[in-house]
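Visitor: First, the structure itself, so that you have it in front of you.
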Amino acid sequence: MVRKVNIIKGNEGQGKRIKFVQLIFVDINGMPKGMEVPITRLEEAIEEGIAFDGSSVPGFQGIEDSDLVFKADPSTYVEVPWDNVARVYGYIYKDGKPYEADPRGVLRRTLERLEKLGIKVYIGPEPEFYLFKKNGSWELEIPDVGGYFDILTLDKAKDIKREIAEYMPYFGLTPEVLHHEVGKAQHEIDFRHDEALKTADNIVSFKYIVKAVAEMHGLYATFMPKPIYGMPGNGMHLHISLWKDGENIFKGEEGLSETALYFIGGLLKHAKALAAVTNPTVNSYKRLVPGYEAPVYISWGYKNRSALIRVPAFWGNGARIEYRCPDPSANSYLAFAAILMAGLDGIKHKIEPFAYVEENVYEMDEKRREEIGIDMLPENLGEALDELERDKVVKEALGGAYRNFVGYKRKEWEEYLDYLEAKNLPKDTKNVTEWELERYFFI
């Protein structure tokens, strides 16, 4: 079976002796969890599954009923180039059936629903991250003072980015663009779009690679949405297109198709509820403030980076939409499922997109925004969860994970409010607290 898996992934003959394989899934937060087993158990992991206790996995089962089974997906098998270990993603089962709260399973079921309509989904993410020096405290130290697109001496992390890019193909990712971002020590490596499930896997793999390479160089990498007050946050813009019979159905004769516009309409309608899933942490809303190119206003436009939804200047089979509010703290499987069902609702009910803008939304006064019908995203996680609980479409998109997700996030929000009260801090503070750093720095 190991040889068969190697042939599937094109890894046969690398001369490495793989002794262990990591069985990887994600918890309700999108954090990778799993276990290592001897490589001799890989066939068992694929055919029968490996049992584990789900009671200590955030957002999974209670201690009274916690027996779960991991079944490996052999198409995801890769060998870690810097270690004699392999990795494989998979699905969670309970009592012989797919576990309803398994985030990867939630996305698979969403995609199966779209496949019945003949639709395939392609998504290209743009996850941003910071690199920090290790100093044993939360006084974050930056290793470079580069700025946006700086490529010469100011960007001291260029060798690290190149090393990350060199490792990415081993995990099935194709790097396309490496560049310094706006913030000091902030970076972005874009990789090629792929089918939605593969892209969700790729995001988990990308974070793993970035953190591992940073560690090799004595640095920390963080995908935390807003690690430092006053500096740009980490976003994860998503480029989305739908395909049918080998054709991009977002492609119109002049710009976007009617289908694409209805998809945008669905996203705009459900944007407030979606925020709970695409921006699922307390810290996410420290990023979503005016002045840092992070979208705050629910609007759309062509080439307009101040809008929530931007239509890039690519036509034909390159036609797509860019959803700009997500950040890397999102569980990519749940976020993709929610976004796709919101967009599908727009297509199904022919929801016309509203709040079209050509000007900079941040420079508009309140009266002008009201004239156009521009609303705002939630201002904090608590508000976002309120919106989610009122939105039937997004709730149903999360399937069996919904109750666990909301319960976990409500508790998270309440713990944050308790911290603010104990520290005598205002509820609406935009400062990044030590509570957030301790909770989110390693996401």
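A Cβ is built for glycine as well, from the same backbone N, Cα and C atoms used for every other residue.
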Visitor: Which residue of Glu115, Glu188 does Swiss-Prot report at the same Mg(2+) 2 site as Glu128, Glu181?
Guide: Glu188
Visitor: Of His193, His237, which does Swiss-Prot put in the Mg(2+) 1 site with Glu126, Glu322?
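Guide: Answer per Swiss-Prot: His237.
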Visitor: I'd like to know which of the binding-site residues Glu128, Glu181, Glu188, Gly233, Arg287, Glu293 sit within 10 A of His239 (ATP binding site) at the Cα level.
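Guide: Matched binding-site residues: none.
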Visitor: When the number of other CB atoms within 10 A of each residue's CB is tallied over all shown chains, which of the binding-site residues His237, Arg287, Arg310, Arg324 has the maximum?
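Guide: The residue with the most neighbouring Cβ atoms within 10 Å is Arg287.
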Visitor: If I take the Cα of Ile240 (ATP binding site) as reference, which of the binding-site residues Glu188, Glu293, Glu322, Arg324 has the closest Cα?
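Guide: Of all the candidates listed, Glu322 is nearest in space.
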Visitor: From the DSSP assignment alone, can you count helix, strand and coil residues within the domain 'GS beta-grasp' (16-97)?
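Guide: Going through the domain 'GS beta-grasp' (16-97) residue by residue, I get 12 helix, 37 strand, 33 coil.
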Visitor: Could you tell me the C-alpha distance between Glu176 (ATP binding site) and Glu188 (Mg(2+) 2 binding site) in angstrom, no decimals?
Guide: 11
Visitor: Quick check on the binding-site residues His239, Arg305: which one has the highest count of other Cβ atoms within 10 Å of its Cβ?
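Guide: The residue with the most neighbouring Cβ atoms within 10 Å is His239.
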Visitor: By the DSSP assignment reduced to helix, strand and coil, which category contains Arg287 (L-glutamate binding site)?
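Guide: Reduced to three states, the DSSP call for Arg287 (L-glutamate binding site) is helix.
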